[in-house]
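Contents: one structure, followed by commentary.
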Amino acid sequence: MPPAYDLGHSGEAYQPLDTGSGGGNEACAPNSSSAQIRHSMGFRTSWMRQFRRYKLPMVLLMLLFLVSCLAYRILSVEQDAPPLDLHRSSPLLDAYEDFSAMRAGDLKMRIEEMVRIKSTVSVELRELESRRQKLQSDISQYNQKIEELKQELLREQTELERLKISVEQAQVAQREAVQRNTPDLALPRSLLPNTLPRKSNPITGGMAASCEMHNCFNHSRCSLTSGFPVYLYDPDEHSVQRKGYDIDGFLKTTLKQTLGYNAHIVKDPKHACIYLVLVGEALLEQDLLRNNRYAAQEAEHQQPSTPTLENDCPVDMEKLYSLPYWGGDGRNHVLLNLARRDLTSHRTNPLYRQNTMRAIVVQSAFEREQFRPGYDLIVPPILGPPGGDVWQECAEMVPARRKYLLTYQGELRPKQSSLNPLDAFILEHLADMAKGATQDQFVLQFQCVPATEQQEGDSLPDWTLCGSDSSRRQLLKDSTFSLILPPLNGRVSSTLMLARIYEALRSGAVPVILGADELRLPYAETVDWRRTALLLPKARITELHFLLRAVQDADLLLLRRQGRLIWERYLSSVQATVDTVIASLRDRLGIPPRPVPSVIAQSVFNSTFIPLKSDPPVGLDTEPEESLGPIEPPYPSPAFRRNYTILRMQAKEAWNDWLDPFYLYPQLPFDPALPSEAKFMGSHTGFRPIGKGLGGAGKEFGESLGGNYPREQFTIVMLTYEREQVLMDSLGRLYGLPYLHKVVVVWNSPKPPLDDLRWPDIGVPVAVLRAPRNSLNNRFLPFDVIETEAVLSVDDDAHLRHDEILFGFRVWREHRDRVVGFPGRYHAWDLGNPNGQWHYNSNYSCELSMVLTGAAFVHKYYLYLYTYHLPQAIRDKVDEYMNCEDIAMNFLVSHITRKPPVKVTSRWTFRCPGCPVSLSEDDTHFQERHKCINFFSRVFGYTPLLNTQYRADSILFKTRIPHDKQKCFKYI
């Protein structure tokens, strides 16, 4: 039997097996005994037999072990290796068997088997990898879902806190409603009389001379809630002139037209409080053919047609007494004698020494014994146009100092008139002052050279006008001050004197009225003439030059500005004069004016169409953990609360500061604030103090509105033009905005919105209004659907966070009379232009003068002023350029308040991702804005914009606070 060989791992037979029983290291000798050989062969045969019996299980066990090790090795390698390593075969497989000892067929089968194993393992590994990636994706999704749920939890918790706060606020409002003990005032309802005036006995001239409002006026026809109804006798149907006289056709037509625009006029005489009778200017029929405003005669070669003052009155008193509603004594009648073409005393005071009984006389010229203070009314002559813009008649306000310090042109008529010693001394001193050796220039002429337009014919002495209207206008434009001499013979007012005041104010020459303590000026009950003119007694004539030099530029420009405002509002036109007369009489009686008309809103949708709604995106613009305020139902601002007190307590402000006593407004930005303790002691209604009065940081701040005024909300007005998707995105971002009352979308396009357009449901009403036409002025229309004082004007592409909006709202509540907003701009002086002009500038600057209304809060009061008070030329310029409406609003507010706007937060511009390119990025846009600023300055007569060098941020911004406290706003 051949010897057995041990097969090593290398597959090589290197040594015969030891068959000896000793188990030594040496080989057996060839001469061993046969017994030993047999014993050895038997043992080997038995061992081989046992080996063959367990060979197959052992091989299988070994293969299983090898496969497990191989799989473990591959998996451990695959986890760290790139995917390409999966297809590589491990070199360890080569070490398990000696493939060189195998036959080719077995080797091929072995290779195929290993390939199959590899393929199977690769498939399993790919499945495991795919499963692992899916698990990782699921884990990532679940983690994201967890974060979303956490955010949702925070939002819900914040919403819950807001709801709790809202419930508390609602409970407070309920308690206030229960405890309310004052009437809830609203728009007044008219309480009108329904009968004609009762017949009374006529009164004598002596009794008429002592008439005052308490003994000659019937208050029973003028209820506080009547609205002051006024009836006009048609001058064509109820003429009160003598034969041969008639009223100028221009005056009759214009008066009826202007009164037709007045809200107080009624057609039914039964409802009237007062009755207007036009008694003048009455001229001879031949004089009506003349066109010269100041002519009293025909040409010089013609015979004068002047009636005497005593025996020829152009008013037929019997016709006056026979008016259908005269009532026997003329109670509640107003006699209008408006001078226009003839300014001489005999024509402008036809009612002198006539018994007008209880009727109120309204005219320019009064004798001292004729005028009844507090009853009769002095008005300026009608020297202007019927109405409309009058800014072109005025001169620029700057520079403060003009060529001449003081000017006067006049001549005493009739020439044979004599002066008293004081008046003669005044003229002598003025002549010496004009000849004095000073650098100041004077024009003081007391004789007309060349001859005046005004011819002889006045029987009463007075200082007549020299030259033509254009020559006087040019001189006054070069005058810093204009001297006004009083009428002679102790008259309290004359038409010529008032004409001088009219012309001086129109040209920006500050009137210096000598003898003002002896005179009565127009509307003196309401207009504060001390803010418009220098009122001096005659005794101050020797100190006149010193006083004029003592006036500083700021005071001089303030006088000039106030004079122009008074002229524009109360003197400039027939419309202004008539409206002021009615307002003055109404003010005497303490009756509120008519409510200012609002623009009736017209929806773009018809009454049957219901627009589609969509859920708005939630949580895009606000931090979920920041509570900005409670959720409240819509709460309109209380309106018309001060109907019967504002003109009693703030009449001077209404007439001289706001310059608008003609309308009653729902609210004013000038309404007074209560003392701090009043909100806790008896006047708590509506107030929501921080921490119920204890104050606090961010948490308490977010729960209450606080401040110095009762709770209120704001309305967003958004102008849009054919940018539906941009509009929808902007509306969606307003969801959940605290203190938002309503959104008003002004649809400026002639095309209606698409029927399938989905409007986001943001929790408050969204009114989509049809604009009358495509105009940027529509942004500031005072729509009746705007029911709050605060109005946030925004562009449809402005992107504002909720905290920014609310901070701006809170700041506006402390600056209600100003523009409060985000993007700041300024007007810069063009140094390269020798004539000087303004440039609009949007660069970053430490000083600004405008806040653009593309994102700004304004009071609704300014919407009324922009629509009804702002000169039409400015609104026309806005339409011409389709630009500059925001500049116009800044001009208006600064003009009224003399204050700059307030900028909030650090935002300078507003980027709208994905929005179409706006017009503001065009260079033409900026060139037009340069022109707008300079044009608006010419219209106003000066540039009312004022500079500011600070912006507003919240109190605790960038302040270190304890960890258990919150800031007012996280990012502001």
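The count begins at 1 with the first shown residue.
Note: Cβ is positioned from N, Cα and C throughout, glycine not excepted.
The model shown is predicted, which means the values in this text are computed figures rather than measured ones.
Cross-referencing Arg711, Arg723, Arg951, Arg960 against the UDP-N-acetyl-alpha-D-glucosamine binding annotation in Swiss-Prot, which names Asn748, Asn774, Arg779, Asp795, Asp796, Asp797, Glu885, Asp886, Arg929, picks out Arg723. According to Swiss-Prot, the feature region 'Disordered' maps to residues 1-33, out of the candidate ranges 1-33, 133-165. Of the cysteines Cys846, Cys884, Cys968, only one is given by Swiss-Prot as the disulfide partner of Cys932: Cys884. Looking only at Cα atoms, Asp795 (UDP-N-acetyl-alpha-D-glucosamine binding site) sits nearest to Asp886 among the recorded positions Cys884, Asp886, Cys932. Asn774 (UDP-N-acetyl-alpha-D-glucosamine binding site) sits 15 Å from Cys884 (disulfide bond), counting Cα to Cα. Note: the Cα of Cys932 (disulfide bond) and the Cα of Arg723 (UDP-N-acetyl-alpha-D-glucosamine binding site) are spaced 27 Å from each other. With Arg723, Asn748, Asn774, Arg779, Asp795, Asp796, Asp797, Glu885, Asp886, Arg929 listed as the residues that bind UDP-N-acetyl-alpha-D-glucosamine, the site has a largest C-alpha separation of 24 Å. It is Asp797, among the recorded positions Asp795, Asp797, Asp886, whose Cβ has the fewest other Cβ atoms within 10 Å in the structure shown. The Cβ of Cys884 (disulfide bond) lies under 8 Å from the Cβ of Leu776, Lys877, Val878, Glu928, Arg929, Cys932, Phe936, each of which sits 6+ residues away along the same chain. Cα spacing between Asp797 (UDP-N-acetyl-alpha-D-glucosamine binding site) and Asp886 (active site): 16 Å, rounded to the nearest whole number.
Taking CA atoms as the reference points, Asp886 (active site) and Arg723 (UDP-N-acetyl-alpha-D-glucosamine binding site) are 20 Å apart.
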